[in-house]
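For reference, the structure is listed below as structure tokens.
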Amino acid sequence: IFLTGMFVNGFINVSITTLEKRFGLRSSEAGVISVGYDIAFCILTMFVTYFGSRSHRPRIISVGAFLLGVGGLIFSLPHFTTGLYSFEEGFARAVIICSTRSVLRCKNIYQFKHPSNFNKLIFAMIINYVYVFIFAQLINGVGCTPLYTLGLAVIEDSVPKESASLYLGIGNAASIFGPVLGYGLGGVVLSFWVDFDQIDTSNVNLTPSDPRWVGAWWLGTMISMACAFLLVIPFAGFPAQFKARQPFTHFLNTGTAQFRRMKNAEVDKTTGGEVAKEENFAKSYKDFPKALMMLAKNKTYVFVTLADCSEAILISGFTTFLPKIIESEFQQSAGTAALVAGVISIPGGMLGHVLAGLIIKCFNLKTANILKFNIVCCLCVCALSPSLLMYCRNRPVAGITIPYNNTNDLGGIMSTCNANCSCQEEFYIPVCGTDGINYFSACAAGCNEHIENGTDSYYNNCSCISTPSNNGWQASSGHCVTNDCNSLGAFLGVFCVCVMFTFMSSTPSLVVTFRVLPQRIRTFGLGVQWLFIRALGSIPGPIMFGTVIDLTCILWQKRICDGSKGSCWIYNSE
């Protein structure tokens, strides 16, 4: 669970912004990549839980771990099948500054590194890398389906009823700590240049704070792939059912089979609970419709499932785009945004899961009281949600967020002061003018002179900058440094508490699901519940978030080759 969270919800989500830059994706396309995992989960979960509950469950989980490793390998393939990333080599240096003649050159930076028959065979699919990432996510979803259904059922079957909430809370806490570590390590690996394994990075004159920086997004997936393969053999070695061990005297002679007999589900008799007690029930596919009908008639199960679906929309959306939101709303680099997103998830998510499990165990809460506890948690989340209204104002970017000097020109980087310049719009190379305004590039500022001082670049004779030169220059590379963005700390503090209350209802919901279903359809019920959570929550969530985020874009990348729209450079913070 820890590894799955680190890989699927950590490394992949934290790399969303980087993948958009590297492969020219939109946020809505990135959202589709994110939900590929959930699509596969939806397709398989009912069949895996219905037929797998009577099979050797640990071995099925072992196969899933192997497939997760394969998914990690496929997700990393685009890095190894493409050429080196080019951040400004697609056009001549003259275009960095103002030039009256067009010297734009089209260059495909997504071309294959070494053309071969194999590359040509898969070129039609890989030329649009979004399909490769979606396919990898589908494989990841297949691999993780047994873990979150059969795996949780194994835990619940192997502990006493009063302790199940604590054990499931620990398991759910691992599902939170995994993404947190993925965010943290993701921030670290993104501080390495994407092609550090192939070139001398000392020749890369960029820093992670530069908008053109692309970090080593593939490194985290390779680490996850290796860890997944290491889990295959240990999982395969577990028994189908756990037996009581001598050191645990209070569990003496109470293995999985005995724990099952000790648990009486709090079932509505009208839902068919007596039928589910039959020895041969759910052994044949003929009982499949009957089992589905029993679930549909269980009112508590249905409403808990719908509540989980509504929360899944928000959780999946924020899990995918929270680093991007922090990066855009609070003017942070991709690596820093990933780290702080992890920081608020560590205490919030883990404390929420474990604390909820302890409360249920210590107070021995019955099903009805657990549901009331969930309502209180949800009301607390509603009360804290206005924290999302905090943001930092957009940087002043000429032609985008503020007009050029002495004009009303908004909506593009071109104005009367740079009308004679042939400026590209594919690569965001910001410069800070002595007037305190950011410009898309030195060309957009109308600069005609380029001055290099070590790794720093300066520009002079800028027709769009009215203030006089400073030490022989009117603009310098990078964004202007501002001190008016101070709301990130307050946002992180309040949102951390909001995260805690959000996840405090997750473990109790799982406990209720296990309690209100008969033992023979318990695993199947969990699988069907996950199906609806993914189909109505986790799948539409990132797509909805990505689409809304795309609607706030005020400056799109415009590719040199065909003029098509790429990823978004600047969003409207408000």
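Including glycine, each Cβ sits where the backbone N, Cα and C put it.
Whatever TrEMBL says is automated annotation, not expert-curated.
It should be emphasised that the depicted structure is a prediction, and the values quoted were computed from it without experimental measurement.
TrEMBL lists transmembrane segment for one of the ranges 300-322, 369-391, namely 300-322. By the Cβ criterion (distance under 8 Å, sequence gap of 6 or more), the transmembrane segment (166-194) is counted as touching the transmembrane segment (488-512), at least 3 such pairs being found. Residue counts for the domain 'Kazal-like' (411-466) under DSSP, helix first, then strand, then coil, are 3 helix, 20 strand, 33 coil. Under 8 Å from some Cβ of the transmembrane segment (300-322) lie the Cβ atoms of residues 9, 13, 16, 27, 30-31, 34-35, 38, 179, 268, 341, 367, 371, 374, 502, 505-506, 509, 512-513, 516-517, 525, 528-529, 532-534, 536-542, 544-546, 549, all in the same chain and six or more residues away from its ends. Taking Cβ pairs closer than 8 Å, the transmembrane segment (334-359) reaches residues 14, 17-18, 165-170, 172-173, 175-177, 179-184, 186-188, 190-191, 208, 213, 215, 322-324, 326-327, 365, 373, 377, 488, 492, 495-508 in its own chain, all 6 or more past its ends. For the domain 'Kazal-like' (411-466), the model gives a mean pLDDT of 88.
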